[in-house]
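Heads up, the thing below is written out as structure tokens.
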Amino acid sequence: MSYYKRDKRAWLVLSDGSVFEGYNFGCEGTTIGEIVFTTGMTGYQEVLTDPSYYGQIVLQTYPLIGNYGINSDDMESERSWINGYITKEWCEEPSNFRNTHNINEFMIEQDKIGIWDVDTRAITRVIREHGTMNGAITTEDIETTKEALMEKIHAFKVVNPVQAVTRKNKGWYYSQVNRANHVALIDYGYKHNILRMLLRLGCNVTVMPANTTIEEIRMLNPDGIMLSNGPGDPAENIEIIENLKDFVKYGKPIFGICLGHQLLALAMGGETFKLKYGHRGMNQPVKDVTRDRVFITSQNHGYAVVPESIPAEVGKVTHFNLNDGTCEGVEYPDIHAFTVQFHPEASAGPNDTGYLFEQFTDLMERGQQGCL
Amino acid sequence: MPLRSDIKRVLVIGSGPIVIGQAAEFDYAGTQACKALKNYGLEVILINSNPATIMTDKAMADKIYIEPLTLEVIRRIILMEKPDSILSTLGGQTGLTLSMQLAKEGFLDAHGVKLLGANLETIEKAEDRQAFKDMMREIGEPCIPSEVVVTVEDAVRFAATIGYPVIVRPAFTLGGTGGGIAANQQELEEIATHGIRLSPISQILVEKGIAGWKEIEFEVMRDAKGNVITVCSMENFDPVGIHTGDSIVVAPCQTLSDKEFQMLRTSALKIISALKVEGGCNCQFALNPENFNYAVIEVNPRVSRSSALASKATGYPIAKVASQIAIGFSLDEIINEVTGTTTACFEPALDYIVVKFPRWPFDKFVYAKRTLGTQMKATGEIMSIGSSFEHAMMKAIRSIELGMETLTVEKLVEASDEDIMKMLADSDDERSFVVYEAIKRGVALDTIFAITKIDKWFLDKLRHLAVMEKDLATLGLTEERIRVAREIGFLDKTIEELSGEKIQEDPKTYASFKMVDTCAGEFAAQTPYFYSTRDKENEAALFIEEHPSGKERILVLGSGPIRIGQGIEFDYCSVHCAWALREKGYEAIFINNNPETVSTDFDTSDRLYFEPLTKEDVRSVVETEKPIGAIVQFGGQTAIKLTRYLEEMGVPVLGTSPANIDAAEDREVFDQLLETCNIRRPQGETVYTTTEAVEVAERLGFPVLLRPSYVLGGQNMIIAYEREDVVEYMDIITAVELENPVLIDKYLMGKEVEVDAISDGESYLIPGIMEHIERAGVHSGDSISVYPPQTLDQRTKDTIIDYTGRLVKALDIVGMVNIQYVIYEDEVYVIEVNPRSSRTVPYISKVTDIPMVNIATKMMLGDKLADLGYAPGLYPEGDYVAVKVPVFSFSKLQDVDTQLGPEMKSTGEVLGVAKTFADALYKGLVASGRSMERSGGVLLTVKDRDKEAIVEIGRQFHEMGFVIYGTVGTALILNENNIPTKVVRRLAESKPNIGDLIESGKLNYVISTSSKGRMPHHDDVRMRRKCVETSIALLTSLDTAQALLDCLKSNRTMAEIELVDIKDIR
């Protein structure tokens, strides 16, 4: 055909057996993953490179993907972590001053399999009604391979995702506008914009692997600890949760985002549960109870904290989701910790809750002055 | 924060008549506002001079004043009605400016009236250029280098410091009236002079031209708690420089990365927070395509055309939510009606793309300057929704009703490569088509981009369409090509025509439908709001299945974009039709594509299909809905045109049969019918060629009326006084393909009378007879229309009632019919019969209190007049006189002759209602913007045929003490008749001449008639244009002049005339 590569068929198979026929982009082959949809209308590059999508096949509900191409600045990690990509349409000739190559080239470079020209809205509705489910994208003839594929789809499970995405060694980053706060950023699959935000606020940052122990923290002697976002079921991270139980006794301010929020809740005696189909997008309204304000937030999570599970004496819910009432933020006053389920670092998404980073640096400054 | 307890009685100010820059979107917004306020038990007092609106309907408010929108009138209403607050942000610029003036002069405070929506400080900061710049500086948001000036000298001086080109924007003018781009000092002097004059505060902004930057808009909401959200982002296809109302616009933004998007979004939120708007706000940005630089262009702290578009594009009801915020609610307290479970405090996610395409009046004003700039020229717009840009664009092209199915324009196909390249540089209404033609010819996208600065993303998308068009024509059909062509918006008809092959398919497939749900499918939604795609899953069908009502379904076809001749009235009628159907226990299924209207509000009908109104698009809806019938009478000519196709599809057309609709429009059939009814019409014939036309005209005797058959709003209609006129006309009209013949009629210079009748097939009701002030020859839509008639004797009225009865029976009318008569030498002639509702229906419905559309709809469903409680014949006249006065948008359109004629030129209308004709007319004239000065200067310059009649008019002006000026011929006859008249030289003659007189400010009125017109270079046309540009009251019909004189002589003032609650007059 005259535009885009319509020469290669591809199929999307869901664990309920339904099949959607489309075209292949990116690499050829077969990939299996947990199918999730995200409703953001911009920020596909950030989605592709957000480690929280590890193991997932991501569907973009917005139909036109790749319009402004790919650039070197908007990477949220060094690579793409998704297992597959579903779009209505991708853009072969992107237009933007920062564009370096198109999304198809990026997918090939990242060794990712994509399918396009499928009824993305119909698939979204299926997931909405049935909940998140496994599925596969394949470019191999579906007639002959479906049976074997279905078995693999049912057997698929994301295993140890945090261990897969976290960095193995420390990394040091120094701010240009040094206000001398030193943050230990624990990498459960952190989005680079968390780092950028901290640097912008004058923090020096040491990025630490997911399994960092309290001893290692002590040696680092940071002013605050940042618990990053990351993929998967929080409750699986038993060792990390144990470490966090030590962190909270350390006495330095802690700020948790997304998985970091869930992990701290678990460490503090709370519980988490799996949402039917998660929150993924950048239009989620979150009520900040203390400010009596609603903020539009960027989100990407499949699990949530059970708000009642947080023991009243250790923490209180500070934010909740205006759409479904789920827990969006907890404050633990005694340990100078606060965590949010959404992404104040945005990227992609609204910057409306960036003030939380300032709240964190303020806490650290007060800590430095001994006024916590 | 729940409903504020200090609000009980709210005054809502509407936006007045439809003019370019302020159209039906404010009826949509106002209607939503009134509904929202009433929903909370608040008393609503409404003022709007525009009778063709839903918002001035009985049920919408407790008190409804269809009165002139002047400070004086609003002050009186406030004194009478004692509202405790005033909603300023839903009546467009008109409502906002009036509210601001009342607040500024202290009147609101003095009478304990609170300003809701935006306070005085907010409005001033947003509207006053300097205050706005200062605020932007304070909050650190970049503006374009600019300076506010009040003199031309200062404008020139500032321009010298920033360099040309510069953009001139006058303060406080509608749709940027009087603005423009100046490339050099000479142009600047001209534009600045004009702009300063038009600005009510004599202030203009001179700003640096930033041609080539992207134009991005955000619709933002804020509540009193400070919660802020953006409802929708929009990107203009055209770069900065062309008014957004004249740009193709897409939603959401397409070419912005998340970083750029969030940068502008954050800026918009910062601005609305700094302004402390409580409600909706529109922020316009210019974004440098080469880096992250941007500038705030403009902020409107009110509901606007863009917010109407954003509402329809997202499903988020901005006006309704803005009203709720204004009376105290916070965003998180307001329910999102689309999902029913979430709140209004969120940002809609789209899973489709929306294209808005303007509808310009250049098909009507063939001599108008078509260049687009900072002054908006479009009368209306359409919106289309698709799964890709290509898809939405193809739908848009069909929706604008220019007879196009692709972006190919025949005359451009024939143009030379050189011409196409030249035309690329012209930013006019056809540019998108020129770009398409250039792409088809293989011009590199980079080259096109360099010239047009239209983002290459858009150009590449157009290329896809061009490639498909070419492939279909050259490579023929394959299953794959058909599928892709359909997916990107080609109709089967177009595919078959281009390829010359039939699509082989069994069974035939039709488009399916997706829901507009504000959340991209994330939540289950109940919105009965759909658009077509070529996907397999048909959500509309599923919706129907899941919501079994047991009711039968009826299709209502809307009227498409607002254009001259087919305005808001038809939307008014369509909405009432849908309501009547629902009242009768049917499901009303709506198809329309105009984002500015009440009809495309998804809760107006049971299901709304936002689609082009073509045969094939309607067909897909029919396949999904399987309606038991369709109603075409209320959608103007747009809907009438589809009658035949509906019949072919097997969908019964309710009401008057298609055959009879044809009979009324087909000249020969109609003539026979008149003959059998024994009714006379002006003699006439049908011709195809210039030779035939001249022959017929000479046989009938001049003057003659020429027009193409199947027209609305007198499109391309002229009165020919001599042979040359016929030749000129026929040459123009035969330049385009002549599908239908041209009609030539003997032109009778008589009194025009109009009736709208409703019939059940047996008995008929005439709610009222309307008499026109201007004699036949001025289009009925441009005439001042009076109800009840003031000069008709009983015999004539009886004849009209009798003729109407005969025609209704002969055409077997079921539903509505509009009949126009001319009374010439005491004889009644029929001019035309329109087997559909007309533009007078809303106002007659209001002043007679007969719900005409409701009754007509019920009759189409089988109800009889008697069952509905009405006696047949003419409905008794009431105590009040209503005068409908047309309103024009000449100041927005360059080079358009203002001389009224058989071709409709007005864009809107106002109504004056009073106990006497004189008072009603006075009100109507004031409401239409006339200043009614009783002394000063008047210039008379008339054609020879009017020389005799001008004497009387001159005498009356003279007796009132006016200084009279006249051009040579006119002055001569006036002086001969002892009316002292100063002679003025014509424009072409040496200075000082008529032009200097017009500019001198000595004139209050100009009365100008000429036999020759239209051509912009004509002396008279230029003179009249000058009057428009200097805002001098200009009259081009002696009948209008006499009516005005009657009013002036009465010595009545607005203050003495009773203000009427329209609910009290019957």
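Keep in mind that glycine also has a Cβ here, set from the backbone N, Cα and C atoms.
Since this is a predicted model, take the numbers as computed values, not measurements.
In TrEMBL this protein carries:
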type: ACT_SITE; residues: A:C258; note: active site, nucleophile
type: ACT_SITE; residues: A:H343; note: active site
type: ACT_SITE; residues: A:E345; note: active site
type: BINDING; residues: A:S52, A:G230, A:G232, A:L259, A:Q262, A:N300, A:G302, A:Y303; note: L-glutamine binding site
type: DOMAIN; residues: A:8-138; note: domain 'Carbamoyl-phosphate synthase small subunit N-terminal'
type: REGION; residues: A:1-182; note: region 'CPSase'
Which residue counts does DSSP give the domain 'Carbamoyl-phosphate synthase small subunit N-terminal' (A:8-138) for helix, strand and coil? 27 helix, 49 strand, 55 coil
How many whole Å apart are the CA atoms of A:H343 (active site) and A:C258 (active site, nucleophile)? 7
Rounding to whole Å, the Cα atoms of A:L259 (L-glutamine binding site) and A:E345 (active site) are apart by 14
Cβ-based neighbourhood (8 Å from the centroid) of the L-glutamine site, residues A:S52, A:G230, A:G232, A:L259, A:Q262, A:N300, A:G302, A:Y303 excluded: A:N229, A:P231, A:D233, A:P234, A:C258, A:H301
Across the domain 'Carbamoyl-phosphate synthase small subunit N-terminal' (A:8-138), what does the pLDDT come to on average, as a whole number? 97
List only the single closest residue to A:E345 (active site), chosen from the binding-site residues A:G230, A:G232, A:Q262, A:G302 by CA-CA distance. A:G230
Cα of A:C258 (active site, nucleophile) to Cα of A:Y303 (L-glutamine binding site): how many Å, rounded? 9
According to DSSP, folded down to helix, strand and coil, what is A:H343 (active site)? strand
Residues A:S52, A:G230, A:G232, A:L259, A:Q262, A:N300, A:G302, A:Y303 [recorded L-glutamine binders]: greatest CA to CA distance in Å: 13
For A:G232 (L-glutamine binding site), the same-chain residues 6+ apart in sequence with C-beta under 8 angstroms from its C-beta are A:Y54, A:G55, A:V158, A:N160, A:P161, A:V162, A:L259
Three-class DSSP secondary structure - A:Y303 (L-glutamine binding site): strand
Where's the emptiest Cβ shell within 10 Å among the recorded positions A:S52, A:C258, A:L259, A:N300, A:E345? A:E345
If you count other CB atoms within 10 A of each CB, which of A:Q262, A:G302 wins among these binding-site residues? A:Q262
Intrachain C-beta neighbours of A:Y303 (L-glutamine binding site), sequence separation six or more, cut-off 8 angstroms: A:D233, A:P234, A:Q262, A:T272, A:F273, A:K274, A:L275, A:G278
Under 8 Å by Cβ from A:G230 (L-glutamine binding site), counting only residues of that chain that are 6 or more apart: A:P51, A:S52, A:P161, A:V162, A:V165, A:T166, A:D187, A:Y188, A:G189, A:Y190, A:A210, A:C258, A:L259, A:G260
Take the Cβ of A:H343 (active site) and count every other Cβ within 10 Å, whichever protein chain it belongs to. 27
